[in-house]
Every structure is written in structure tokens, then in C-alpha cells.
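Let me begin by presenting the structure, written as C-alpha cells, before commenting on it.
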Amino acid sequence: MATYMSTICFGSFECKLPYSPASCEHIVKEREVPASVDPFADLETQLSARLLKQKYATVRVLKNGTFTYRYKTDAQIMRIQKKLERKDREEYHFQMAAPSIVSKITIAGGDPPSKSEPQAPRGIIHTTPRMRKVKTRPIIKLTEGQMNHLIKQIKQIMSEKRGSVHLISKKTTHVQYKKILGAYSAAVRTAHMMGLRRRVDFRCDMWTVGLLQRLARTDKWSNQVRTINIRRGDSGVILNTKSLKGHFGRSSGGLFIVRGSHEGKLYDARSRVTQSILNSMIQFSNADNFWKGLDGNWARMRYPSDHTCVAGLPVEDCGRVAALMAHSILPCYKITCPTCAQQYASLPVSDLFKLLHKHARDGLNRLGADKDRFIHVNKFLIALEHLTEPVDLNLELFNEIFKSIGEKQQAPFKNLNVLNNFFLKGKENTAHEWQVAQLSLLELARFQKNRTDNIKKGDISFFRNKLSAKANWNLYLSCDNQLDKNANFLWGQREYHAKRFFSNFFEEIDPAKGYSAYEIRKHPSGTRKLSIGNLVVPLDLAEFRQKMKGDYRKQPGVSKKCTSSKDGNYVYPCCCTTLDDGSAIESTFYPPTKKHLVIGNSGDQKFVDLPKGDSEMLYIAKQGYCYINVFLAMLINISEEDAKDFTKKVRDMCVPKLGTWPTMMDLATTCAQMRIFYPDVHDAELPRILVDHDTQTCHVVDSFGSQTTGYHILKASSVSQLILFANDELESDIKHYRVGGVPNASPELGSTISPFREGGVIMSESAALKLLLKGIFRPKVMRQLLLDEPYLLILSILSPGILMAMYNNGIFELAVRLWINEKQSIAMIASLLSALALRVSAAETLVAQRIIIDAAATDLLDATCDGFNLHLTYPTALMVLQVVKNRNECDDTLFKAGFPSYNTSVVQIMEKKLSKSLERCLERFNLARKLSATWYSYRAKRSIHSVHKTHRKGRFERVIQHITTSVLGPKRPGGQRHCLRIERAI
């Protein structure tokens, strides 16, 4: 390979270096590399907008510590980008600019730039320039000796003048010179002197300690001081530790700053004490702060005087009287004790009056002979004793008055109750209560005067009972949650339960008969014509106006029949309404509506859509019981959860009690009973009630209005006002008027008399037992019975065979599953019966089984008693349990005396009769039903722990043999084997 020489010049030097040129024979061919595909390119393109916003976002921290982005707006991002572009452009122009030569660089040297430039004169100065020069004053610095001399001079001056020195470091320390034990000593201001109780009473740094050592060295610094001579007012005094004698705590720096003593030991203010020592320490503060607060505020708070004051009373006596007044008005052991203040503030008003009365009397006794000099104090204490004298309140009189008229809130009893409460409070009444009592007394005087005048007149010409022009506010019809989008009332579950009313007490209007067949409403003393015929609207205006007139029926004028009174006062809701001149308001033509409930007596009436019945036909109340519309109106105020119980109570309890054509008083009484169960119905609005004095009938207007006009209008518009009729003391003829009746379609409701409530409904023991036997081998029937009448389970205790048959068929387990989430008391009953079946199965004889069942009656009765209940078998179950319980108690007494009461033959006969009844229930089944019962019993075996069989043979074996014989036949081959299998299954 050839070698060549190359020359490199370094200034004037030359350097020659050999080199060999590279061979060009081998050419390295670059390998083509396929371009890589970025898998995230598309994702970055999609997220470019988000990443751009995230690039300029800032980070912020939420209250819960979460870090989040705070994104900029598009306008803010544009401004930021423009700013960055401008900055990059300026930097680019600077980098691309031509180079410049820097000839000189000076740092804090040379002439300032302003002198290198020529100064052009701005004008001619016509005044003499200022010749004064600024003088720089030297900083005065003291040497250590001069500083010590200054401190010494300040100490001498302040100690002679009893002045103060402030030492300012990180915080200010106040040093005061005062005379203590015959010498002037320095004292600092501690925390307890400012009213603060802290474990460390005084804190200072080392620089302050050094100055305190110099300032505390007064003339008698070295004199001996004993700790027993330290008294109150010496707090904060700086003493010499070396000259201090006695029992004292630790200190530092040769200084002892007095704080207080505990158990004879003197403590330094800089020492940290425990909390127990702090609470019981005697601190040596004085009363200067008290007198400072008194002197500083006395002149500012005193009132102006109309004379010139002179000092005529001794100061010491004034101080003694001031202490007497303080203990008479604000008694305390220590004036600075917060516990005494809290106890005083927490006293009831009655106890405070007693305390002030006692202390005012003690203050008068302590004043003694000085009452002639301090006559103003004597007069004040006498007035205080009189004002706080306890009043002897006779609670028996208050209780007697309250029992008589406490529940009466109408005038004048309301005013009497106000005065009764006023007298009970005695001197605790406020000024407002005094004013209310005076107004009540004024109302009583007016009432008595008016009553006397009316008695003298002996007529009702002054009776007025105006009908309010304002409609009642019904919350249930105004709540948005109860209305649909068209502002119509939503019945919800109430609509379903309202069918109990429509199925029993309403009838469908038959279009084939026409509306005219339903126009006449009959009542015991006459008829009333409905406006149902006007549902067919005539298009002729004259004919339509003629129909709007109605059929006028003349009623007698306002008389005593229209009024209701109690204790000589009118009960206005129970009276007929009148006009301003005293004449009665007569009813007008009420137009009909379709499928509406019309409620409201004052103002405009309200139309509520009726609940839907079983069909789309119109419904009308059956002849004779229009009062059921009152309960239908009450259903509006009933919650959906209580709608079922409410409708059942009305159907099973109220309607049987009212009977046919009840009086207004009976209807009001049932409404009062329903209000106890459902308090929300107290303000339920009623339909308009028309009073017919000629026939002594009250008509409840329904959706079909009234064609007959001229009736009086009852003022009662709500349930609470209607209940006022349910009062024997109410003097009223209207309360004896008839209002509607019971439907003819359900006469059986009142056929049975209940021993628990008059006119109620109850199922007999034999009927209930037949119903129970009917469902033992019918799973679907038993399930429905458990849902409708769960207390049928109790009747299983009448027979051990029935009890174990129900257990083996899983009926108790089914009852627990059905009622465990609905009503746990019924689930408890089923559990007790299941456990009872376990114990009964272990008994060998029938008498032993009866004894076990009778002993469990008490627990079952406790679990069954659950207040008022609407189930028909509930009173039957209670009666059965009560009979068994009473029998067990009587038999137990005889058994303990040695006389067994069970007659074996009687028990066997009863059990045999019930067993045959159980067998007959199974015999009535066809082959398929018998197989179904057998299969269900086999499945029920899996859900219970064990299947129980009685040890006495004959009863259940006959049942099993009857089933197998019916299924397989008596002579079928292999029948014995199949019988055994079926017996095991059962």
C-alpha cells in the first residue's frame, strides 16, 4: 500500500505526517432496514387534543388530598402559545445577530454610564444652587462597660421612683420595682397575675435572665429573707437564692421568682408544676387588678347626678356594705371562682328566687344598726326580699281546674286555662305573659256580659255562623309526590284496597236502565233527587238553564234545631251556616260529575278522581248508605302502607257497628275511633253535608250532586270538626239525624257477636277448626289460609294428632318463611308450635301429651297477644288459649293436692273424634289428590329435621293404609313393599 506525507501548519511551524489512503475496492453496502411502524401513532393522534390541554394544565390538591389537573381554557392556551412563540422568536433573532466586540468590562469600577454621555443643558438657572451638604452622623455604640453603667443608673432611678423597665427580646418582660419586706425589690409580671393558670408561670430566655440578675441587685439584695414571711401580693418578686431561707423549690441563675406555695413549700414561677399542684396552689397575687378594674370603670359607668357629691360615709364601712351587697345579690365563696359563677348561673329560676330571698333577709340582719346611715341599701334589700318571696302554689287546685277544663280549648275555657297556667308560674311570669293574662281576663269579662245579655233576650236572632269563603288547605292534595303530571291525585296502593268499598257498598250503573233509574235516593222519611240525569247535557241553552234551577224544597228558618251548643256556648262547626242577616244558607243545584269524589265544604269544592273499580262503569252508592263517602274521603289522608288495615277496619268494624241508617253521633264516634288508629285523618276534608230538618236527615253529597235544593248546609268541613258530634254533653238535634246505612248485599257482617267488642265479627271455634282441617292436606289452601288467617295455627293445640300432622307436613316451617319478614310475632308462634310438636312426640300416652300442650298455653298466649287485630280468627285463638291456660292453672292446683283431673276416657273420645275428622278430609280426595298429598308430605320431610310419629298405634296407620289401599289395591302383588315405602315417605 502506498504511503504519502501530509503537512500541517501551526502558525509558522510545519509538521509532516505520513498517511495511507483508504482502499476503494471494498464498498460496504448499507442494508435496507424496513421502516418501523409506531403502534401508538393513532392513539397519540386521537389524544393529541387532550395531551395538549394536559401539557399546559396545572396541578391542584383537593380537600381530601387528591391531586387533580386544572385545565386551561382554549383562550388561555392560545395566549400561552403566543407568548412562547414570541420568546422563541426573540431568542432566534438574538442567536442569528452579527457578532459584536466587547472591548471593556468593568465591575464596580470606573465612571458611571451617565458621566460618559454628554449632558445637554436644559435651561438657565436663575437661582443660587443649594450649598448645604448632607452630613453623615456617626453611629453611637456603647461599650460593655458603658452598657453596664447605663443599666446600673436605670436600676437606681427606677428603684427610687418605683418605676418599671421593659426588657424586649423575642417577647417583652415587664419589670416593676415595689416595696417588699421593708426594701425595694424587682418583680416581674407572671401569668397568674394576668388571670392565666399555667403549669409554667413565667418564661424568659438567657439574655433576659442576665439582665434580670443586674436589675434585681438592689440595696438590700443580700439581706436574708425567710419563706414564711412571703405573703399575698409578693407574686413575681425576684429574690436572691443564696439569702433565701426556708422550704422552697428549685431555681436557676441565682434568682428565685416568687409564684406561690403548696403544703408549705414555696415555688419558683419558672418551675413546671403538676396539674394537681396547680389546682391546689396558693398563689401570692394581690387585688390590684380588681381595684384597677373597679377604679377604671366606676367613673365611666356612673350615671349623672343632680347634686354635688361629698364624702360623708366612712370608706371602711362602705367596703363592708359593698361586701354585704355582693353576698346578697351574687353569693359566692371567692369572687374569682368560675365554679361558683357556673353554679349560680345554672340554678332554676324558682331556686334562684328562694336563694335571693334568703340572702336578702340575711343582708338585712347583717346591716343591723347601719340601716339608718345606709338607708338606700336597707330599702333595696327590703324590696328584693319582697319581690323574691316564694308564693305558696296549691298544685291540687291547679290539677282540679285542669281536670275539669284542661282539654277544652274553645272560649271561655281557653282563657281560663291561660289564667290557670299564669297563676301556677307565680312570679316567674314575664311581661308578655302578664299582658296575655290581662287580655284573657278581658275576654272572660266580655263573654260573661254577652252571655248574660243573650240569656235575658232568650232568642237566637243574634246567631251568626258564616261559611268561610276560603277553601281549606289540604296538604295531601297539594304535595307533588301525590300528584301526576296532570296534577291529578295518585291513589297508588290505596286504589287497590278501595275495592273493599266498591265491591260491598257501591253498585254499577246499568246503562240499559238509564240514568233516570238512579235519580231518586230513598231514606226512611222521604226521598232526595240526584242530578245524575244532567250527565246528558242538552244543547239548547234555555233548557239547560231550566235544568240548572233544580227542585226547591222549603226548609224551616233558623231555629234551635240548626244550632249545637255545649255549656251554653255554640259549637259552630256543628251548626247550620247562615248569611250576614242571620238567615240560613240554602243549598243550590249541585251538578254531577263522572267518576269523581267531591270534597270540601268552604270555598270551591275539590274534585278527586275516584279509584278504579273492577270495571270501567260508573259507580253509585247503594240505597241507604251514602255516608260511606266520608270514609272514602278519609282514605285520601291514609298512607299507602295503612290503606289495607284502614279499609278492613271500616268494612269489619265500623259498618257492623253503624248498622242501617246510623245517627250523626254514631258516625262521628266511629270517625273518632278511626282517628285514634290513623291520626293523619284529623284534617281530612269531608264531602258537603246537607241538613233536611223536615225529615231529620243529613245527606252526604256524592259525585252525582243534588237536584233537590233548599237544604241547610252543615259547617263541619273536616273529620276533626265532625268528631265534635260524638259528645253526649252536646245539646244538638242534628246529632240525632240519620245519615245513610249498610248495604243489603252483606247482611252477614253483623250476624256474629264478638265477646271482645260489641257488634264485631268473630269466627267460631268449630268453624275455624274445620277450616284448619280442610287445609292440612291441601298445600295451596293452607298457604292461602296462612296469609289470610295466620292465627288458625293456634287451633292445632286442640289435638296432638293435628299438631303432629301439621308438623310432618311442614306447615309450621312454611308459616315461619311467610311471616318472618312481615310480622315476627306470628313467626314466633309457629316456632313455639314446632317445638311443642317435638315435645309431644316424645310422650307415651295421650294424657301426657295433653299435659304438655296445656303447659305451653301460657307462652303461646303471651306471644299471641298483639293488641288490636283485624284477623277473624285472632279473637278465636285468644279465647282458645285463655281457656286452655285457665284449665291448666286449675288442674295444676288439683294435681299438687293429689287429685289428678284428667279423665282418660274423655280425652280419648275427643281425640278419636278429631282423628276421624282428619281422616274424612283425606277420604274425600280422589286418587290424584291422594297421590299429590303423599308426594307433598314426602317433600316436606326434607325441609324438617325429623318426622314424628305417635307411639300409639292405630290412628296414623289407618290413614297410611287407607292411602296405600286406594292407590295400589288390597290384593296387588308386591303391595306390602309399596305400602312400606309410602309409610316411610309419610
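Heads up, the Cβ atoms here are built off N, Cα and C, so glycines get one too.
Residues 334-337 are the range that Swiss-Prot records as motif 'Involved in interaction with stylet and aphid transmission', among 210-213, 282-285, 334-337, 838-841. A sphere of 10 angstroms centred on the C-beta of HIS699 (active site, for helper component proteinase activity) encloses 27 other C-beta atoms.
Only HIS192, of the active-site residues HIS192, CYS626, HIS699, have a C-alpha within 10 angstroms of the C-alpha of SER235 (active site, for P1 proteinase activity). Proximity note: of the listed active-site residues (HIS192, ASP201, HIS699), HIS699 have a CA within 10 Å of the CA of CYS626 (active site, for helper component proteinase activity), given in sequence order. A straight line from the CA of HIS192 (active site, for P1 proteinase activity) to the CA of ASP201 (active site, for P1 proteinase activity) spans 7 Å. For the domain 'Peptidase C6' (618-740), the predicted model reports an average pLDDT of 87.
The highest number of surrounding Cβ atoms within 10 Å, among the active-site residues HIS192, ASP201, SER235, CYS626, is found at ASP201. ASP201 (active site, for P1 proteinase activity) is 89 Å away from HIS699 (active site, for helper component proteinase activity) when you measure Cα to Cα. Residue counts for the motif 'Involved in interaction with stylet and aphid transmission' (334-337) by DSSP state, with H, G and I taken as helix and E and B as strand, are 0 helix, 0 strand, 4 coil. Look at HIS192 (active site, for P1 proteinase activity): DSSP puts it in a helix.
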